[in-house]
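Accompanying notes for the structure given below.
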Amino acid sequence: MLLDTIAAISTPRGEGGISIVRMSGQDSLNILEKIFKPKNKKVSELKNYSINYGHIIDNEHIVDEVLVSIMKAPNTYTREDIIEINCHGGYLVTEKVLEVVLKNGARIAEIGEFTKRAFLNGRIDLTQAEAVIDVIHGKTEKSLSLSLNQLRGDLRDKIATIKKSILDLAAHINVVLDYPEEGIDDPVPENLVENLKKASAEIKDLVSSYDKGKIIKDGIKTAIIGKPNVGKSSILNSLLREDRAIVTHIPGTTRDIIEEVININGIPLLLVDTAGIRNTDDIVENIGVEKSKELINSADLILYVIDTSREIDEEDFRIYDIINTDKVIGILNKIDIKKEINLSKFPKIEKWIEISALSKLGIDNLENEIYKYIMNENIEDSSQKLVITNVRHKSALEKTNEALLNIIETIDMGLPMDLMAVDIKDALDSLSEVTGEISSEDLLDHIFSNFCVGK
């Protein structure tokens, strides 16, 4: 247990029904006794896991009418004594309650320190700590489900199973090398080899799940591009089901990048409506055009829009020539008044979708095509199986598997057992990096810096 007691506001700042001021640490109950006056009881008489009505007091003056939750160690979020003060949700009154708590012995918590204490005190491992922030930031049902699986400890348990296979091998080797008089045969037992091969296959599956998992968690950046007034903003509004971007018949209305997130079948899609790309003397519009060109190179998917009510011209081809990826879907907009267009002039685009953004005709087909394009493999059940979404986990697991394959090769070649020692250590260390059993202070600081102060 860490020695000092920390406190912070755990709810968003601003006005609301309630705010929560949270304390964690060995002095939490002592501090509460100084500042809380429960109705008809003493603080020392309050039961564990109870909610208690009363007032926060500062120098005999009432600060606020509150409900106080008491949770005593070790069965708490941090494995320390935790007090949560539910006060009125005004900005000033919440600050006053926190001020009283700090004045009586607590210190302000660092970013993510409550969850960091849960990790340091052994209640959760590092994968579960990372899952906490993923749950908070979850954008869709699928991403939330993956995060909850990890928070539950699914990845931790899988790592433990893989680690046991390696430790069983290490134990066998130690007996053979340290006690030759026992007469144990040198060859590694077949069941240990099979367990190693199974562990390697499981790691390979986890690593290969990363690309899909990252899409489910973070979504993909999708740029809507085309010349001015082809209907890019109307397409954005149609996909959003609301009027987010200004739509006029005047070319150049969208002068800056507009970003919005939509949910397509459980996949978050960061839609970016770009400024129409054209030659212009307008300084502000020109900045937007340059941003659009940069975005084309960084986008995961491009929606290239053509206005079918007009003839194709040099501007259409100039924008098409900027596209340097095959990750593109062509959109033929305004099909209700379309002209005949020779699509063979756009060989980089294999798939075209006909729509009318104004009347919403074809928008459902566009959404389905975007989803099919992203999910070119069936991952409908990804939320029901173990999927990794963190590049740190992927990198460490790749190192683990490299060491495992070296071990298996050493066994298959019949080489001396002591040659496996380095690879066994590397495999175990890499797995421990995933769970946080081996971690640097810089890594922990980086991970917990993504949290809010009260978490």
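Just so you know, glycine gets a Cβ as well, placed from its N, Cα and C.
Record features, source Swiss-Prot:
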- R22, E84, R123, K455: (6S)-5-formyl-5,6,7,8-tetrahydrofolate binding site (BINDING)
- N229, T248, I250, T253: K(+) binding site (BINDING)
- 229-234, 248-254, 273-276: GTP binding site (BINDING)
- S233, T254: Mg(2+) binding site (BINDING)
- 219-375: domain 'TrmE-type G' (DOMAIN)
- Message: I need the most crowded of these binding-site residues: N229, S233. Count other C-beta atoms within 10 angstroms of each C-beta and give me the top one.
- Response: S233
- Note on the structure: With neighbours defined as other CB atoms within 10 A, the best-packed of the binding-site residues R22, R123, K232, K455 is K232
- What is the separation, in Å, between the Cα atoms of N229 (K(+) binding site) and K455 ((6S)-5-formyl-5,6,7,8-tetrahydrofolate binding site)? 46
- Query: With every protein chain in view, how many other Cβ atoms are within 10 Å of the Cβ of E84 ((6S)-5-formyl-5,6,7,8-tetrahydrofolate binding site)?
  - Reply: 19
- Note on the structure: On the domain 'TrmE-type G' (219-375), the mean of the pLDDT values is 79
- DSSP-derived class (H/G/I helix, E/B strand, else coil) of R22 ((6S)-5-formyl-5,6,7,8-tetrahydrofolate binding site): strand
- Reading the DSSP string in three states, the entry for R123 ((6S)-5-formyl-5,6,7,8-tetrahydrofolate binding site) is coil
- Item | Spatial neighbour of S233 (Mg(2+) binding site) that is closest, considering only the binding-site residues R22, E84, R123, K455 and their CA atoms | K455
- Once the DSSP letters are reduced so that anything not helix or strand counts as coil, what is E84 ((6S)-5-formyl-5,6,7,8-tetrahydrofolate binding site)? strand
- Cα distance (Å, whole number) from K232 (GTP binding site) to R123 ((6S)-5-formyl-5,6,7,8-tetrahydrofolate binding site): 50
- Query: What is the biggest Cα to Cα gap, in Å, among R22, E84, R123, K455, the residues listed as binding (6S)-5-formyl-5,6,7,8-tetrahydrofolate?
  - Reply: 19
- Query: If one measures from the C-alpha of E84 ((6S)-5-formyl-5,6,7,8-tetrahydrofolate binding site) to the C-alpha of K232 (GTP binding site), what distance in angstrom results, rounded to a whole number?
  - Reply: 49
- Report, in whole Å, the straight Cα-to-Cα distance of K232 (GTP binding site) from R22 ((6S)-5-formyl-5,6,7,8-tetrahydrofolate binding site). 47
